[in-house]
Ligand code: G4P
Ligand code: NA
Ligand code: NA
């Protein structure tokens, strides 16, 4: 998606540890007109019947909520934080984060994912793919079916995307980064 790539080149910064910071439009301040274009592009790439969008807090929520307007579906987000008010009856799975060097538990209330629903997963980043694998596990526990995953930025030099595509999962990433070396963003 050219508009997104141009924006990454203009406003993205590279931090230590191969981290691409996109706080000014995607991860902290949100550019809603860009998110609308992202939502439309996801719809173009997933013309299939979709019953529900599943994402994960925090950064996935805004992206998924804007995209959902083009799918006319609800959005459910998996929770990472233990909240007193969270549903008791949940599907849960463990996700290991390389970036943070720790494992966390992800939960979705059982009543919000139902058997045979067609689910599109949306998230901001795909790196090692552990968050996405966790969401896929939750979808399968629910007996729902995964249509695919729409990702805003894939770090193509980490293996998550390739591993999941090799398992036959449809992954559509709007910008795929080949390298972040030497302070430059190179797209695939
Ligand atoms: P993985 O799920 O693909 O295995 O990724 P990993 O554990 O390595 O990443 C942990 C968190 O860092 C995720 O967000 C992920 O989206 C994000 N992330 C990974 N690489 C980058 C990057 O280069 N730039 C930015 N901005 N984020 C990156 P999170 O912290 O778990 O969620 P959230 O609360 O920020 O949404
Ligand atoms: Na993030
Ligand atoms: Na994320």
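A Cβ is built for glycine as well, from the same backbone N, Cα and C atoms used for every other residue.
What TrEMBL records for this protein:
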type    : residues                : note
BINDING : 20, 27, 155             : xanthine binding site
BINDING : 127, 128, 129, 130, 131 : 5-phospho-alpha-D-ribose 1-diphosphate binding site
DOMAIN  : 23-156                  : domain 'Phosphoribosyltransferase'
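This view paints the features noted in TrEMBL onto the structure.
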residue: 20; record: xanthine binding site; contacts (Cβ under 8 Å, 6+ apart): 8, 12, 13, 14, 153, 155, 177, 180, 185
residue: 27; record: xanthine binding site; contacts (Cβ under 8 Å, 6+ apart): 21, 59, 124
residue: 127; record: 5-phospho-alpha-D-ribose 1-diphosphate binding site; contacts (Cβ under 8 Å, 6+ apart): 98, 99, 155, 158, 160
residue: 128; record: 5-phospho-alpha-D-ribose 1-diphosphate binding site; contacts (Cβ under 8 Å, 6+ apart): 98, 158, 159, 160
residue: 129; record: 5-phospho-alpha-D-ribose 1-diphosphate binding site; contacts (Cβ under 8 Å, 6+ apart): 158, 159, 160, 161, 163, 164
residue: 130; record: 5-phospho-alpha-D-ribose 1-diphosphate binding site; contacts (Cβ under 8 Å, 6+ apart): 95, 96, 97, 98, 160
residue: 131; record: 5-phospho-alpha-D-ribose 1-diphosphate binding site; contacts (Cβ under 8 Å, 6+ apart): 56, 95, 97, 106, 123
Mapped DSSP class for residue 128 (5-phospho-alpha-D-ribose 1-diphosphate binding site), helix or strand or coil: coil
All-chain count of other Cβ atoms within 10 Å of residue 155 (xanthine binding site): 24
Residue distribution over DSSP helix, strand and coil in the domain 'Phosphoribosyltransferase' (23-156): 48 helix, 46 strand, 40 coil
Other same-chain residues whose Cβ falls within 8 Å of the Cβ centroid of 20, 27, 155, the recorded xanthine site, in sequence order: 12, 19, 21, 22, 124, 125, 127, 153, 177
